[in-house]
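Sharing the features that Swiss-Prot gives for it:
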ACT_SITE  382  active site, nucleophile
ACT_SITE  516  active site
ACT_SITE  518  active site
BINDING   13, 147, 148, 149, 187, 188, 189, 190, 191, 192, 223  CTP binding site
BINDING   13, 187, 188, 189, 190, 191, 192, 223  UTP binding site
BINDING   14, 15, 16, 17, 18, 19, 71, 239, 240, 241  ATP binding site
BINDING   71, 140  Mg(2+) binding site
BINDING   355, 383, 384, 385, 386, 406, 471  L-glutamine binding site
DOMAIN    292-543  domain 'Glutamine amidotransferase type-1'
REGION    1-266  region 'Amidoligase domain'
C-alpha cells in the first residue's frame, strides 16, 4: 500500500519546503522504506527551461531529459533516488496537455473546466507511475497557500485526501514563527491565519512544521496546537541549523518521522539508521582544512542559479575532508580586457559554470587564460568548457578569429550549433530557428574516455554516462589543430562525433566537460570530478 504525504507552505515563500520534503524522505529511507518525491509547480510555464536563472534559480535536468525545478536536485541529493520527468508538473504543462486533448476531441464535446478536468489531471499526475516497491510518495506543492494560481492544486490534493482517507494521506504544513525583538516574543498569529486559510479550502493539516530561529516555548506550542486543531506532538520545531545536511537529524530529534508514522498507524517501523548523516555532520563541523574556489559566472548575485554546482563543490570537500569556501565572482566585470582580475587573488581553484549568451563570456575566457597560464586548477562545465576551448584556440593554437557561433556568424566556429545527434535510437535534428523550450540536447548520454587520460584515471572507467543541457558543441573539425597546440580530447560520444571532455597537456588540473556532472553528485557519493578538483585545489593551497 502506497501512502501519500503532501507538503504545503504558508505565511511566506522560500521557507524551505524542498529541504523539508527531502529531509523527511531521507528519514523514511533511513527506516528502510522506499520513497519517491514529486514537485507540483503552479506557474504557467510548461517547464523552467526558458525561465531566467535570476527568477527561478537553476534548471535541474533528470536522466530522462526533463528540465525541472531545483528542488528535485535536493530530492536526489538527500535520498539518492533519481528523479524523472514524471516527478515534476506545472500548471502550464497540465493546460498544454488538456488543450491538446480538447483539440483532438478526446472530451467528446464537453465543456472543459478547472474542476473536474484540471484537478483530475493533477490527481492523475500524483498517483501515476510511483515506481516499483515504493512505500511513500511525498508531494511538495509550490508557492504559498492563498496564491490564486495554486488553488487547483490545493483542490486536487483535498480531493485526494478524501478519496485516499487518513490511512493513506497525510498533510504537512510548513509555516513561519517570527520573533519580534521589540515585543520579546514569538508570534503565532501568522501560523494560525495560514492554517485557517488552508482549512477554508478543506484541508486540515495533521502536522505543522514551524520554521523559527530559536526554541518554541511550550506554551506557544500549546497555543498553536489548540488553535490549529492538531496534536501537541504534531507541532514540530524546525529551527535554523548550521548546514542543510543537519536538517534530517534535527527533524528526527523533533519527532517528525515518528509523527508521520504515527499518523499512518505504523507501529512496527524499524529504528532509523542515521550513521551516514552523522558522519557528514562530523566532517562538516571538523574539517582538516579549507580551500577557496572562485566560481566565475554572470548570475552570481543569485546563488540559487548555481545551486547544484555549489552543492557538488561541498561534496568534493566532504571527499577530501576540507571546507570549501565558494567565492562568487561576476564574469561581466572581466569583459573589459583592461579590468584587473584581483577578485581571483587567494583562490585555490577556478570553476567556470554553464551559461548562455555573450554577456560575461569574454570575462570567462580571460579567467580561463589566467588559470591556464598560472597552472591553477580549473574546471569548465558546459559553456565554461566551450569558452576554455575558444580561449585556447586563440592563444595556443593561433586561430585568432576563433569564436563560438553563439555570439553570431564567425569565420572560425570552434564552437558551433549542434544540428544533429542521436537520442537512443532516434535521430534528433535542430537548427537556429528551432524553438528554445525543450529543444536542447537534454538528459543522460554515454561517453567514451581516452585510455591513460586524467579523466579515465579520475573515473576509474573508460565508459561513463552524464547529463547534458546544451545547444552548442565544440566543432570536431578543429580537434586536430587544437591537439597539436596541447589540448587533449579525452572524452567523446560513442560515435566519435561529439567532443565531451577536454584536458590541457602539462597542466596539473585543467578539465572541461560538455555535460553537467554536478547533477549526479551526492553527499554520500561525491562526483569523482568534483572530488578530484577539490583534491587539486587542496594541493594548490599548499603551494601558495
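Heads up, the Cβ atoms here are built off N, Cα and C, so glycines get one too.
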List which of the binding-site residues 14, 16, 71, 140, 191, 240 have their Cα within 10 Å of the Cα of residue 406 (L-glutamine binding site), in sequence order.
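Within 10 Å of residue 406 (L-glutamine binding site): none of them.
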Going by Cα-Cα distance, which of the binding-site residues (14, 71, 148, 191, 240) sits nearest to residue 384 (L-glutamine binding site)?
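Nearest listed residue in space: 71.
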Rank the binding-site residues 13, 191, 192 by how many other Cβ atoms lie within 10 Å of each Cβ and give me the one with the fewest.
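13, out of the binding-site residues 13, 191, 192, has the fewest neighbouring Cβ atoms within 10 Å.
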Restricting to the record's ATP-binding residues (14, 15, 16, 17, 18, 19, 71, 239, 240, 241), give me the longest CA-CA distance in Å as a whole number.
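This binding site's residues have a maximal Cα-Cα distance of 20 Å.
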What number of additional C-beta atoms lies within 10 angstroms of the C-beta atom of residue 385 (L-glutamine binding site)?
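Here the count is 27.
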Considering Cα atoms only, can you say which of 18, 223, 471 is the nearest neighbour of residue 188 (UTP binding site) among these binding-site residues?
223
Which of 16, 18, 190 (the binding-site residues) has the most other Cβ atoms within 10 Å?
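Going through 16, 18, 190 one by one, the largest Cβ count within 10 Å is at 18.
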With Cβ-Cβ distance below 8 Å and at least 6 positions apart along the chain, what are the contacts of residue 516 (active site)? List them in sequence order.
61, 308, 354, 381, 382, 466, 467, 468, 469
Determine, using Cα-Cα distances only, which of these binding-site residues is closest to residue 471 (L-glutamine binding site): 13, 14, 18, 148, 190.
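For residue 471 (L-glutamine binding site), the closest Cα among 13, 14, 18, 148, 190 is found at 18.
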Taking the mean position of the Cβ atoms of 355, 383, 384, 385, 386, 406, 471 as the L-glutamine site, which residues outside that list, in the same chain, have a Cβ no more than 8 Å away, listed in sequence order?
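After dropping the recorded site residues, what remains is 354, 356, 361, 382, 387, 404, 415, 470, 472.
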Counting across all protein chains present, how many other Cβ atoms fall within 10 Å of the Cβ of residue 240 (ATP binding site)?
12
Would you mind checking how many other C-beta atoms are within 10 angstroms of the C-beta on residue 406 (L-glutamine binding site)?
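Residue 406 (L-glutamine binding site): 20 neighbouring Cβ atoms within 10 Å.
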If I take the Cα of residue 140 (Mg(2+) binding site) as reference, which of the recorded positions 16, 240, 518 has the closest Cα?
16
Among 148, 382, the recorded positions in question, whose Cβ has the most other Cβ atoms within 10 Å in this structure?
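The most densely surrounded of these recorded positions is 382.
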Residue 223 (CTP binding site) to residue 71 (ATP binding site): how many Å between their Cα atoms?
32
Work out how many Å separate residue 189 (CTP binding site) and residue 385 (L-glutamine binding site) at their Cα atoms, rounded off.
51
